[in-house]
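Student: Sharing a structure below in structure tokens format, with a few things to ask.
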Amino acid sequence: MEAANSSFSNDLEPRYRVDGSCWRFIRVASDGLFSEPGDHMFRHTLVVLQLQLAIIFILATIIHLLLRRFHLPRLVSELLAGLILGPTVLGRFFPKISDILFSQQSLKILSELTRFGYLFFMFLIGVKMDVSLITKSGKRAWTIGSIVIVFPMLTIVLIAKYIGRTVDNMDIYNLEWVGLFSGTLMLTSFPVVACLLMHLKIINTELGYLALSSALISDLTSVVIVNLNSYWQLIKLASIRVALKSMFLCIALVVFIIAVLRPMMYWMIRRTPEGKPVRDAYVFLLVIALLLVAIVGDNVGLQYMYGPFILGLAVPTGPPLASILIEKLDTIVTGWMLPLMSTSCGYKSNLWELNRPLPASEIFVITVGFLLKTTCGFIPAICFKMPCKDATALALMLTAKGIVELGTFATNADKQSIVTQQFTLAVVVVFILAAAVPILTRKLYDPSKTYTGYQKRTILNSSTHEGLRVLVCAHRQDDALSAIKLLELSNPTKESPLSVYGLYLEELIGGSTPLLLNHQLGQKSSDGSRWQPVINVFNYFKSQNKKQNQVHVFTAISPPKLMHEDICWVAFDNSVALIILPFHRKWNSKGKMISDSKDLRALNCKVLNKAPCSVGVLIDRSRTRGPSILANSSAYHVCVIFLGGKDDREALALAQRMRGWPSVFLTVVRFIASNDCYQQGWEIMLDDECLRDVKHQSKNNGNVLYKEEMVTDGADTSRLVGSLLEESYDLFLVGRHSRTNSPVISGLSEWIELPELGPIGDLLASSEITNPISAFVVQHQIIEGGCESTLTGFEI
């Protein structure tokens with residue numbers, strides 16, 4: 001027996017055992033240092049697989065680090081890694097090393113692992129895809145999404161098949177491959193477009209929403225077209241009976257997923273306590289269901305990836321189920337298994353094959369197809385009066401190619417006898433489009449310029465007759481309550497109304513489709529209970545002042561890094577004059593700081609740098625219960641610290657709107673440098689003009705007190721601000737920036753902790769303050785150009 005085992009270890013030929021069975025004995029793992037003499041590591045498949053994975057990922061990472069400065073997606077680096085490890089470089093110049101590292105047996109294992117990862121990837125695509133986006137899409141998205149897939153695909157496939165029939169050499173111009181090749185190039189894949197938008201960081205822009213909606217409509221339409229074509233091929237090659245049987249079984253599988261598996265998922269959600277993650281046993285059960293659906297779908301006529309895709313669509317969006325599936329599967333699938341697909345496609349390609357004369361017919365199909373698809377995306381966009389550059393960028397984004405097209409080529413290449421030159425040409429086309437589209441789109445469309453306008457949207461420039469338009473951002477109910485208290489002080493009247501746009505911000509979990517819901521249009525989502533408390537706050541404010549206030553409520557569900565795009569877009573679209581942001585620090589009723597969110601601070605900084613109007617950060621330490629301040633207090637004391645500059649003038653303009661309340665007492669403290677040689681100039685004249693109304697006593701200034709303080713430097717200013725904090729003020733209004741050359745703030749910037757609040761705002765936001773003092777730091781609109789990043793260490 002020992003001799004037999006020894007022979008099995010050293011010889012891979014079949015052997016007969018006493019029970020009559022026969023197999024090929026392949027040792028998977030190596031004994032390492034304890035291996036027998038002559039037993040080298042490359043005989044063991046697990047060791048070879050681990051070495052292949054290490055080489056692939058190290059090489060792809062190095063290439064990506066070199067190409068990242070050109071803003072190229074990681075897919076380009078993975079394809080290049082495959083080309084280097086394949087017959088293009090390693091197989092041609094170092095054939096012995098290539099044969100050892102990538103033997104035929106190891107490539108089969110790697111290919112199966114790739115297919116397995118692609119199966120899970122299609123499932124995750126369905127999980128992340130929000131089909132309800134179709135019902136929210138307008139006529140523009142439906143028109144563009146339909147035209148950009150139907151007309152190019154039908155036209156180019158018919159042309160390609162006609163060319164295929166007219167060529168005599170069918171070994172090269174395989175009719176099925178020509179149809180597949182042309183049809184795949186005409187696809188508009190939702191995950192590819194979503195990844196492109198995330199890569200360009202424009203998924204939350206208006207153009208991003210349009211591209212995403214159009215891509216979703218195009219993708220689902222292409223699924224219908226592809227499957228109808230499959231049944232037509234069955235009718236031609238087999239019979240109508242076989243096609244109807246396959247169609248019936250596929251429909252039965254879809255019905256089973258919808259009628260059995262989807263209710264089972266809702267049962268899992270109901271069994272999960274609120275706020276708790278779904279049990280691991282439920283996740284394992286869904287993975288088993290995923291594999292079974294893939295096997296059954298492949299046997300009834302669907303391609304193996306469509307069953308998991310439909311199952312993913314059936315998963316209820318958002319937490320707790322979709323979010324936990326993405327959390328557990330996304331990293332290993334998209335970070336490990338899926339890159340093997342693109343690297344494998346690069347490995348199977350051989351660029352030296354392109355030295356031979358390329359078929360003119362295929363070059364014609366590629367060129368005409370690209371121009372036709374781009375035109376079908378461009379013309380409808382122009383008809384809907386989009387700017388030319390935006391229409392071109394949209395057309396390019398809907399023409400983008402990526403991992404889905406590579407997966408389609410690789411999956412079908414295994415089933416058909418495809419010439420290496422044909423497959424290489426297909427991979428090169430995907431490579432060129434994957435590299436060129438992001439670069440061209442970035443050149444054509446700059447989202448930062450969307451909000452840079454010449455119209456002044458500030459409190460100072462808001463006319464009394466039209467009233468003040470304010471956007472209130474809230475992450476939770478407390479944020480909305482704090483902002484409503486501030487807006488109550490602004491004294492809305494019938495002659496000077498107040499238009500409030502409430503925006504509830506929620507992190508996107510368990511999906512790749514961001515949402516911007518307008519609750520005035522009746523838009524809802526599957527889990528609206530999370531934002532209902534915030535909506536109730538705004539509705540209460542509206543009910544208290546029906547004639548003076550107009551309230552509109554939105555909900556934005558998006559990734560944290562792109563949440564500022566939603567804020568800026570809502571402000572821009574509604575011509576808002578002021579955005580109110582909640583401060584990233586929170587205090588309890590005893591004055592103790594209970595939270596300090598770095599993500600919220602980074603979000604505020606992005607909005608300050610990009611906003612199309614004035615912005616204010618509300619630091620709330622108030623301990624007043626309820627949504628109203630004036631109902632619980634006989635007197636409310638507001639202090640404006642005025643150092644000069646456009647930001648301080650904007651804060652003063654807000655304070656002047658509070659003069660109408662008899663219980664609001666306003667104090668304006670102007671700090672003047674005793675040794676300032678810049679007391680003349682246009683800025684000083686503007687400051688004096690804005691202060692003229694509060695300097696002189698009148699019937700409108702009965703509750704207004706104006707005083708001036710002489711200071712020598714920043715230390716003197718800091719001391720006076722500290723003395724004001726000891727007085728009985730409830731709210732401080734201050735500008736973010738003052739005149740940079742003023743001695744009033746000299747030296748303060750050296751000790752500043754929160755530069756996004758400015759020197760005075762930083763003093764008012766100190767964590768050492770325990771008194772119930774709130775502060776509102778205002779920044780005037782940036783009319784044109786940018787503003788330097790104000791937060792070191794954060795991605796702005």
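Cβ coordinates are placed from backbone N, Cα and C, and glycine is handled just like the others.
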Student: Of the ranges 79-95, 470-486, 572-588, which one does TrEMBL flag as transmembrane segment?
Tutor: 79-95
Student: Per DSSP, what is the helix/strand/coil residue tally across the domain 'Cation/H(+) antiporter central' (544-624)?
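Tutor: Residue counts for the domain 'Cation/H(+) antiporter central' (544-624) by secondary structure: 28 helix, 28 strand, 25 coil.
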Student: Considering pairs 6 or more residues apart, do the transmembrane segment (79-95) and the transmembrane segment (47-67) have at least three CB pairs under 8 Å?
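Tutor: Contact between the transmembrane segment (79-95) and the transmembrane segment (47-67): present.
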Student: Quick one: find which recorded stretch in 47-67, 115-134, 238-261, 391-411 has the most Cβ pairs under 8 Å with the transmembrane segment (141-163).
Tutor: 391-411
Student: Assess whether the transmembrane segment (115-134) lies in contact with the transmembrane segment (391-411), where contact requires at least three Cβ pairs under 8 Å among residues 6 or more apart in sequence.
Tutor: yes
Student: Which residues of the chain, 6 or more past the ends of the transmembrane segment (282-306), have a CB below 8 A from one of its CBs?
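Tutor: Same-chain residues near the transmembrane segment (282-306) but 6 or more away: 115, 118-120, 122-123, 223, 227, 230, 234, 246-247, 249-250, 252-253, 257, 261, 265, 268, 271-272, 315, 321, 324-325, 328, 407, 411.
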